[in-house]
Amino acid sequence: MLTIYHFPQDEAALREQLNRTVSFDPDAQRTVDDILYRVRTEGDAAVLDYTERFQGIRLYDMRVPEAEIEAAYAAADPEFIAILEEAFANITAFHRNEAEKSFFYEQKGGVILGQRVTPMEKALLYVPGGKAAYPSSVLMNAAPAQVAGVDEISMTTPCDAEGKVNPHILAAAKVAGITSVYRLGGAQAVAAFAYGTATIPKVDIVTGPGNKYVALAKKQVFGHVAIDSIAGPSEVVVIADAGAEPEFIVMDMFAQAEHDPDASAVLITPSAELADAVRETAARLAGTMLRGEVITRALTDNGAIVVTGSMQEACKVSDMIAPEHLELHVDNPWEILPDLRHAGAIFMGQWSCETVGDYFAGPNHTLPTNGTARFFSPLSVRDFVKHTSIIAWSKSELARTGEKIARFADHEGLQAHAEAVRVRLKHL
């Protein structure tokens, strides 16, 4: 199930095993192109048609009534509501630390320069539905939008064949202060909010994970709206020393592998003994898991155990992968943290399991995948705000610098640019 590789001897084979290049099939691309075109040109009629085709229900009201949301909240287990509220408080508290302030400063000559930070007006949070429900995705997407000050936060999630939305998702929406909830899923939902219809508002940003059709739709509508990222399958890397607990490592690898057969889980360690113990433990425990077949397939196709010559080499391999989640099961994780650059989130020590970050700790669980942690960041308040430059040039400073600026424009061959300055100089 898990193959052991030795680094650097087996580097080529390891890279082949862990190749996470995203390739969307052409049939899916054509399907999404058709959906986007029809929704853009036909509006609600196309959205309803695709919902009937893909979700098996003819909707007459795409928006979930407030009464249905309130009923789901009232019927929920009070203990679960308390957990949701505490988790949302943790997530919100973390994201408050990301909030940016506008700034202004004065230069010589009475010039004032600055940057104004303003929230987006409307956001859509896409929350996956289907066989699994993820109220945690509601909280994680809503908290930074709320902290940013977004005026209207809409959420959409697929309904079942009877038109019902998972009550736990509705309860989470109530806790998170969502403005409006829609019972739509798939590429047609993304298109509806990206372009707007007679009944669905056009938003400024679409965030949240989904299947390949949702991912393709988000990629296609980027430019009409902002997006957070293109989410891929879940992934975790565990760096561990000889003193790590094998069962902790295995369960953390299983926690990613149970999501999807395409999920990836990798152990990197300088200890050959630990590598053997983890492989044996994984083989023994996989059959005891409810999603054992999915776990086995994921670890066989996309998992690995990597034995390195040193902890420094282990960090090098992790940076090569640039994982979504990185766990450090080592005696002093803070000691090796400076050697690590590329990861969506880093979990420090054996008690900081990735599940804590998924639900409760506070940092966002919407993270870059497929190696994009090299250049992308977790979902944050910054995704829901805009930065506007402020320039207040003074009369005296234009008199001092105007001709220099005009000559700069002359060198670029832009006459009107230069004259826009010179005409003002004549009035000084």
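If you go along the chain as it appears here, the first residue is 1 and each next one adds 1.
Cβ coordinates come from backbone N, Cα and C, glycine included.
Annotated in Swiss-Prot:
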BINDING   Tyr126, Gln188, Asn211  NAD(+) binding site
BINDING   Ser234, Gln256, His259, His325, Asp358, Glu412, His417  substrate binding site
BINDING   Gln256, His259, Asp358, His417  Zn(2+) binding site
ACT_SITE  Glu324  active site, proton acceptor
ACT_SITE  His325  active site, proton acceptor
For this session: Return the single residue from the recorded positions list (Glu324, Asp358, Glu412) that has the minimum number of other CB atoms within 10 Å.
Result: Glu412
Problem set entry | His259, His325, His417 as binding-site residues, winner by CB count within 10 A | His325
For this session: Reduce the DSSP letter at Glu412 (substrate binding site) to three states and note it down.
Result: coil
Exercise. Three-state secondary structure of His417 (substrate binding site) from DSSP?
Worked result: helix
Exercise. Which residues does Tyr126 (NAD(+) binding site) neighbour through Cβ under 8 Å, counting only same-chain ones at least six apart?
Worked result: Met155, Thr156, Thr157, Ala189, Val190, Val206, Thr207, Gly208, Pro209, Gly210, Val214
Exercise. Looking at Cβ-Cβ distances, which residues of the chain lie under 8 angstroms from Asn211 (NAD(+) binding site) while being 6 or more apart from it?
Worked result: Pro128, Gly186
Exercise. What residues, ordered by sequence, lie under 8 A Cβ-to-Cβ from Gln188 (NAD(+) binding site) and sit at least six positions away in the same chain?
Worked result: Ile35, Val39, Ala46, Val47, Tyr50, Thr51, Phe54
